[in-house]
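Copied over from TrEMBL, here are the features:
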- 18-112: domain 'Fatty acid hydroxylase' (DOMAIN)
- 59-77: transmembrane segment (TRANSMEM)
- 84-103: transmembrane segment (TRANSMEM)
Amino acid sequence: GGEVPVIETLGTFALSVGAAVGMEFWARWAHRALWHASLWHMHESHHRPREGPFELNDVFAIVNAAPAISLLAYGFFHRGIVPGLCFGAGLGITLFGMAYMFVHDGLVHRRFPVGPIADVPYFRR
């Protein structure tokens, strides 16, 4: 083995955290300015009873996943600081997406079972 590139590793980690936090701001803005405005015809499916496992609103998850997958792939298959930072950004977007899906779709909308955490009184409101 060789030396661990500390600066690159810290940069990747910092960008992962930054991207996850940034996604929270993006999600809040997009929900208000896009989904409940010009894209309501798609998002409306999220506010109505659903038949089947999917709704038209799920397209937004795919749209947000595409850049994350691209950044992860570029960072994984290339070497250097920029690919490392791209990987970090993709990882942050992905982790936010997973957390959002678990909390919003699992706990809030009960689209799938989330285990005993759903029984915590704080999460039942």
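Cβ atoms are placed via backbone N, Cα and C, with glycine included.
Residue counts for the domain 'Fatty acid hydroxylase' (18-112) under DSSP, split into helix (H, G, I), strand (E, B) and coil, are 79 helix, 0 strand, 16 coil.
Summarised as a single figure, the pLDDT of the domain 'Fatty acid hydroxylase' (18-112) averages 92.
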